[in-house]
Each structure stands twice: as C-alpha cells, then as structure tokens.
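If you check TrEMBL, you get these features:
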- 32-55: transmembrane segment (TRANSMEM)
- 75-101: transmembrane segment (TRANSMEM)
- 113-130: transmembrane segment (TRANSMEM)
- 142-163: transmembrane segment (TRANSMEM)
- 175-200: transmembrane segment (TRANSMEM)
- 221-246: transmembrane segment (TRANSMEM)
- 258-279: transmembrane segment (TRANSMEM)
- 299-320: transmembrane segment (TRANSMEM)
- 340-363: transmembrane segment (TRANSMEM)
- 375-399: transmembrane segment (TRANSMEM)
- 405-424: transmembrane segment (TRANSMEM)
C-alpha cells in the first residue's frame, strides 16, 4: 500500500510544478477529484482487502481449496465492479464533479485527470486487489516488488507525459495533468500483468493459483468477501464524503488556493500514513493466520509490535510537518508563495496529533484483520463520519478556515478514546482464552 501511494504523490509533485501558473490550478482540480478517486479505491478495497483477509484466515485454518476459490472469484468481482464504476463515472462525470464543488478552471483540470483514471480503473483495482492476495499467502516481498515496478515506471513516465521539455530538452509530450493520469494507468497495467503472471505461472512459487474452475461466482464466497471488505470500503466511502465536505468549506473560506493546499496536505499525510497502512497490511496475514489457528499469544505480540511501529512513524511525521512544513510544500508548489503560506498553517493544525493517530490507525485495523467486521465498520465510521462530519459542518461557521483545519484533530481525540476501549477489551479476552487453552 505504501508503494501504491507513490502513484498519487508523484502525480501531485509533478503536477504542482507545471510552469506558467498552471500547476496550482491543476492541483486545485486534482483536489476536486479526490472524493471520486477515493470511491474508485473503495471498491478495490471492498474486494481486494476482503479477499486478502479471508485468504489469510482460511490458510490458517488449513482450507487451501476455499482460499483458491476466494482468489479466483475476487478477480471476477474486481473486473465487474470496476467496469460498472468506470461506466457510471464517465457518463455522469460533470454532474458528479459539480457535486464535489468543481467550477470554472478546477472543473476543466478535474475532468482532464479523472476521465483517464476512470477509463483505466479496472487495471488499478485488479493490480491492487490481487497484489494483496500475494501478501496474504505469505509472500510480502514479491507483493512489494510488483508494486514497486509500477511505482518506478510511473515516476519515469510522469515527466515524459506531463512536460514538453525535460532538462531543457524537448522530449516530452506536454500533456499536463492528463499526462499524469495516462502515466498512472500505464503503470497500474504493468503491475496488474505482473501479479497475474505470479498467480498463473507454474514456476512463480505461489501457494495459490488462479484456476478457471474458481472464476464462477458463488453467493457464499461473494458474501464472505464483502462481509470482510465492507470495513475498509466503508472507511474509503466515508473519506470520500469527508473530502467533498472539506472541498466545499475550503472553496467557501479559502478559495482554490485552499483546495490546492489541502491536496498537498493530503499527499504529505499519505507519505506519513502509508508506511503505517503498510504495517497494517504486513501484520494482517500474521494476525489473521494466528487468530484462525487460535495462537492468541502470537496475535498479541504482533499487534503490540505494530502499535510501536505505527506510533514511531507518526512521531517522525509530526516533527517534519511541525518544524519543516515550508520544505515539504515547496516540493509540490515552489512557484506559489500564497499557497505555501496558507498550506503551512493548515498542515500544522491538521496534523497536530499525529502520534495519537498512528496508534488509532493500527488498533482499528486489528478488528478487520481478525475478521470482526462489525466492530471494524463501527470504528471506521466513528472517526470519519459520526464525529468528523458534524465538526466540519459546524466549526468553520465560528472559526472560518481554521475551523476546517481543526476538525480532524478534534475527531481523532474522540475516535482514539473509543477505539482504545474496544481494543483493550478484546486483548483481555484473548489473554483469558490463551490461559484456558494452556
């Protein structure tokens, strides 16, 4: 997932540095598309993470045949759902973007980017989804390598497609923000080809295989996948609603520069959070396998280590955003001084509680990893819907733009307290079960 995030981050860095003032406008357009790209990713997570978690649990239980059924049907589900999302998105693109706050220049640049992403989202979701299954069968290094190939290809292709000149040599295509989208889809397609090769080649060393007999959808398997994948799907859909509300408030109280600043803040947040999400994905098969095998002491050790790593990474990020925000923003928009000033204030407030967030992200993921979907869904909605959305609506009425920046840390405090209650309660239960078994 860390490598997957590079696609969006690299896009924003290159897009923000498009000359002649186009970079800042393009970033604002990109910010408007964020709710829609989040929805696209949500459907990838619904199938991909749902299948991956279930595969880990079934392998832990020794049920390899059913794990292969899950893998095969997840491929078909990803294709069907992605095509539906692509068609609906392209047909109703303008009204959808208008709902998310697109007007004038930012509508033009938003359409330039997201129309390409929608057309190729089947490759993004397939690559992401099946890559998670590689990790779930116990090969995280191969999963990382396949994603890394796509990310490196994106880094190489972005400047060629975006700019008309590279190092003053006219070898680029000069497609601007549209070029960034094309480079992203080409890279995602390459990643998809690699993961398919892994699960179909005889000599790849994969535990599971994509077999023709497992491509036929069954109600039970689809239900099992969706029941687990509903939690990360809910998180992403909630995120989409939150980003849409953010954009409306940002446009009202700060204009296009505020939207562009939030787009950069989202990228910097991604840089910080994705290693933590990577830890979550890395520990997920360990938690799922050992929970399925009733090895609860290993579950506790693994989640404790994951929490320590999550808090440590978030603390490093906290130091960076609080003491060096100008350095971070100049990487994305060096020729937009007003945007940098606005963004530096915003990021210092928005990410003031980063170490706490590191703990909350890891502990809330624990319930998804062990298959407790209901609690996981509740905790997901708690942070991004139940607490955050009312704050975003109410606080800016009194504090203006600062009210928008303050919304997330206030929500994080409430979410962390409630998540901790459920987490500590469940860990105590595991310890009691471990004692009974011994």
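In case you wondered, yes, glycine gets a Cβ from its N, Cα and C as well.
Because TrEMBL annotations are produced automatically, they should be read as predictions rather than curated entries.
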## Note on the structure
Ranked by Cβ pairs within a distance under 8 Å of the transmembrane segment (340-363), the first of 75-101, 113-130, 142-163, 299-320, 375-399 is 299-320
### Most Cβ pairs under 8 Å with the transmembrane segment (113-130), selected from 32-55, 142-163, 175-200, 221-246, 258-279
175-200
### Task
Determine which residues of the chain contact the transmembrane segment (142-163) at the Cβ level, with the cut-off under 8 Å and only residues 6 or more beyond its ends counted.
3-4, 6-7, 10-11, 14-15, 18, 127, 131-132, 134-135, 171-177, 179-180, 182-184, 186-188, 190-191, 194-195, 198, 205
### Message
Which range wins on Cβ pairs under 8 Å with the transmembrane segment (32-55): 175-200, 221-246, 258-279, 375-399?
### Response
221-246
### Message
So if I exclude everything within five residues of the ends of the transmembrane segment (175-200), which remaining residues of that chain have a CB under 8 angstroms from its CBs? That is, six or more out.
### Response
7, 11, 14-15, 18, 22, 26, 29-30, 71, 109, 112-117, 119-120, 123-124, 126-127, 130-131, 133-134, 142, 146-147, 149-151, 153-154, 157-158, 160-162, 206, 208-210
